[in-house]
Amino acid sequence: MMMVMQPEGLGAGEGPFSGGGGGEYMEQEEDWDRDLLLDPAWEKQQRKTFTAWCNSHLRKAGTQIENIEEDFRNGLKLMLLLEVISGERLPRPDKGKMRFHKIANVNKALDFIASKGVKLVSIGAEEIVDGNLKMTLGMIWTIILRFAIQDISVEETSAKEGLLLWCQRKTAPYRNVNVQNFHTSWKDGLALCALIHRHRPDLIDYAKLRKDDPIGNLNTAFEVAEKYLDIPKMLDAEDIVNTPKPDEKAIMTYVSCFYHAFAGAEQAETAANRICKVLAVNQENEKLMEEYEKLASELLEWIRRTVPWLENRVGEPSMSAMQRKLEDFRDYRRLHKPPRVQEKCQLEINFNTLQTKLRLSHRPAFMPSEGKLVSDIANAWRGLEQVEKGYEDWLLSEIRRLQRLQHLAEKFQQKASLHEAWTRGKEEMLNQHDYESASLQEVRALLRRHEAFESDLAAHQDRVEHIAALAQELNELDYHEAASVNSRCQAICDQWDNLGTLTQKRRDALERMEKLLETIDQLQLEFARRAAPFNNWLDGAIEDLQDVWLVHSVEETQSLLTAHEQFKATLPEADRERGAILGIQGEIQKICQTYGLRPKSGNPYITLSSQDINNKWDTVRKLVPSRDQTLQEELARQQVNERLRRQFAAQANAIGPWIQGKVEEVGRLAAGLAGSLEEQMAGLRQQEQNIINYKSNIDRLEGDHQLLQESLVFDNKHTVYSMEHIRVGWEQLLTSIARTINEVENQVLTRDAKGLSQEQLNEFRASFNHFDRKRNGMMEPDDFRACLISMGYDLGEVEFARIMTMVDPNAAGVVTFQAFIDFMTRETAETDTAEQVVASFKILAGDKNYITPEELRRELPAEQAEYCIRRMAPYKGSGAPSGALDYVAFSSALYGESDL
């Protein structure tokens, strides 16, 4: 049977194996009648090539053909071939073995071919069933055209021209290769080797090929293609070389296999690149997360170690030890804390940058591990600063306490030494029985002397009480040598009590003897009575002139100077009293000379001589100018301290308002930035540089503060700004400008990633600022909802809650400007999705629902292949080999849609 069926759209001169219009396969080169009379060499080539091509597909179904004109006669393998290459199911074949069953099966195959837009010309089922070789080869060629060549498209060309253009482009760089057709251009085998080398340079050493060895070149290409590219050998090298013009259809069929093999590889490469891109983003984000965790852990560990040190309030017994503690604290403030402040600021910047990158890549927001949130670090930092302030206050309080203790201890030692010097020998004197052998006058003298002693003793009562009071105060202030103080004080008190007892006993004895004795020297008594208090006054003056003091201001020093001047004003009257006392002694001597008395040496009523009074008076006169000089030196020191206070206050009163103004200015800049982001960044960088340049003023102020600390000046009434206030304000200013610069940098990232114009950013900023009612760079949920409604969003409670989870993933209760921009641009962004990554993995897996480690290592770079293998869960579906991996769950986890 001879059917002459022309495909739709064929005009005059078009052949049976070419299509017209949209289904054009190839141009007709010869008339159909000539095509029926194939050259025997061409027929041999076609028969071998078409058989190999059919078997390359039939083997997927577990079968093959041996004789092309015989094995397709019953139509069964023909239908199976079409199902394999099309991926579609054909009607159920007839199982009978009679001729009409075979014709029916072949017709089902031909109808399926026709349903694909191909009109068969002169090919009928009867010819195929009868084993007509020419018709069978023509039918197979039609199938090859439709299913292997028609879909080839390069630029504006398709089918044969597209395949030829593809070959020309791929082989263009190679020497001795000039592909112009599908027959003679392939005879020397170099074109096939060039195609293989272009895509798999590891398989062929093209430089070693020779144009004069066509059979060797062809066999090399055939063997490599069959072994490594899964392309069966469809041609014989000898047939191609020995034929003047090899069969075009055979060559096209074989070359099309290379196109499909390499096109699939290119598609896999594209899929691998997409996966690599996604994995690179994910790995970079994980690296940032790990860096954040490491930096946060180190900062928190430093705070954990530092806080106990600052909380330690165990005082030191000596001033030098406390001074060392103060120096350690200054070193901490100057050397150890500033780098940690920078780390804290950098930690916040890294966290914001990471969250921005995660939002831009549609990854879930980063949630640090427990206890390492930015808020946790801020809380820990606030706790550190609180104990730090308390530690500094405690240090200064302890130093003042030790100063007070040192002053009291020195005063106690001085007064105790004076008292002990006064009491030295008094007990031995009171225990004497000299009155037993004395005359009346001597007894009276002893009695009067004793009265003078009692007067002196009474005068010392206040000193003893003062010594006891000093000891009590030292105990109350926890003086570290309180035990020795108590022991000495107790010895003084015991001795004083004993002196009182002995004094009373001696008086009783003298009064008993007084009844027997009548002579008394009134003048000596008068001398004793006046000299004793004057001597007391001298002792008190000497003690006061040698007294130590502790002052903290010019006013206190002036008060001491005034008291000293008042004391000097009493000296003339004291000098007159001294003259009167010395006059009494002179009168005694005159009377003795007048009446020829020979008294015992010294005054019987007092051990004090006029020489003693003169010596003490000379001591007082020497101590007065010395105390004048000491007080003037102290006044000069306090005046220097006052200048230091005023110098510090002048700088602090300028720096404090400057810092406050800059903080407010940065706040205004953050709330109302104008101009392009680059201009804003330049302005902020200039502000940052101005702030950095101002650091020298802070350093000078620190120097003045250091001088005040070294001079032990701890108060300053000339300014409300302490060094701590300046430090806190300076750290707040640095943090504020760094945070604002980071926000603009994130806006640049968002703009570049989302493709926003400056006008759009300005519009977003204007809307955001309008509803930022608190002017703190953040909108509260009600303000954010009002902003969305004003922009035309119709929001219900559920929808608004969903939007809030997007813009506020950490549930902070506010919407930042960065989150606002991200929401407004989210719908227009072109980003990767989990579905795209799944599709890419499916290409690498050859349309399987799982992928093997070998396929990952073959298609991906080694590092990222191993990353996928470690992270992918085992595939749990049926029919998978051991070690198969679930790429679907892995892709979803990359975008937060499931757990890794």
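Glycine residues also receive a Cβ, built from the backbone N, Cα and C atoms like all the rest.
Taken from Swiss-Prot, the feature Ca(2+) 1 binding site applies to Asp772, Asn776, Met778, Asp783. Sequence-distant neighbours of Asp783 (Ca(2+) 1 binding site): residues of the same chain at least 6 apart with a C-beta under 8 Å from its C-beta are Phe771, Asp772, Arg773.
Summarising the annotation, Swiss-Prot assigns Ca(2+) 2 binding site to Asp808, Asn810 and lists a curator's inference as the type of evidence. In the three-state DSSP assignment, the secondary structure recorded for Asp808 (Ca(2+) 2 binding site) is coil.
Sequence annotations record features per position, and here Swiss-Prot assigns compositional bias 'Gly residues' to 10-24.
Residue counts of the domain 'Calponin-homology (CH) 1' (44-148) by helix, strand and coil are 71 helix, 0 strand, 34 coil (DSSP-based). Annotation source Swiss-Prot lists domain 'Calponin-homology (CH) 1' at 44-148, citing sequence analysis.
Here Swiss-Prot flags 759-794 as domain 'EF-hand 1', drawing on sequence analysis. For the domain 'EF-hand 1' (759-794), the DSSP counts in helix, strand and coil order read 23 helix, 2 strand, 11 coil.
The region 'Actin-binding' feature in Swiss-Prot is assigned to 1-260. Averaged across the region 'Actin-binding' (1-260), the predicted model reaches a pLDDT of 79.
Residues annotated as repeat 'Spectrin 1' in Swiss-Prot: 287-397.
The annotation repeat 'Spectrin 2' is assigned in Swiss-Prot to 407-512.
Residues or ranges marked as repeat 'Spectrin 3' in Swiss-Prot: 522-633.
Across the repeat 'Spectrin 4' (643-746), DSSP assigns 86 helix, 0 strand, 18 coil. Look at Swiss-Prot and you will find 643-746 tagged as repeat 'Spectrin 4'.
Ranked by the number of CB pairs under 8 Å to the repeat 'Spectrin 1' (287-397), the listed stretches 407-512, 522-633, 643-746 are led by 643-746. Counting other Cβ atoms within 10 Å of each Cβ, the lowest count among the binding-site residues Asp772, Asp808 belongs to Asp808. Looking at Met778 (Ca(2+) 1 binding site) and Asn810 (Ca(2+) 2 binding site), their Cα atoms lie 14 Å from each other.
For the pair Asn810 (Ca(2+) 2 binding site) and Asn776 (Ca(2+) 1 binding site), the C-alpha distance works out to 19 angstrom.
When the Cα atoms are compared, Asn776 (Ca(2+) 1 binding site) and Asp808 (Ca(2+) 2 binding site) turn out to be 16 Å apart. Excluding Asp772, Asn776, Met778, Asp783 themselves, the residues of that chain whose CB lies within 8 A of the CB mean position for the Ca(2+) 1 site are, in sequence, Phe771, Arg773, Lys774, Arg775, Gly777, Met779, Glu780, Val814, Val815. Under DSSP, the residues of the repeat 'Spectrin 1' (287-397) split into helix, strand and coil as follows: 91 helix, 0 strand, 20 coil.
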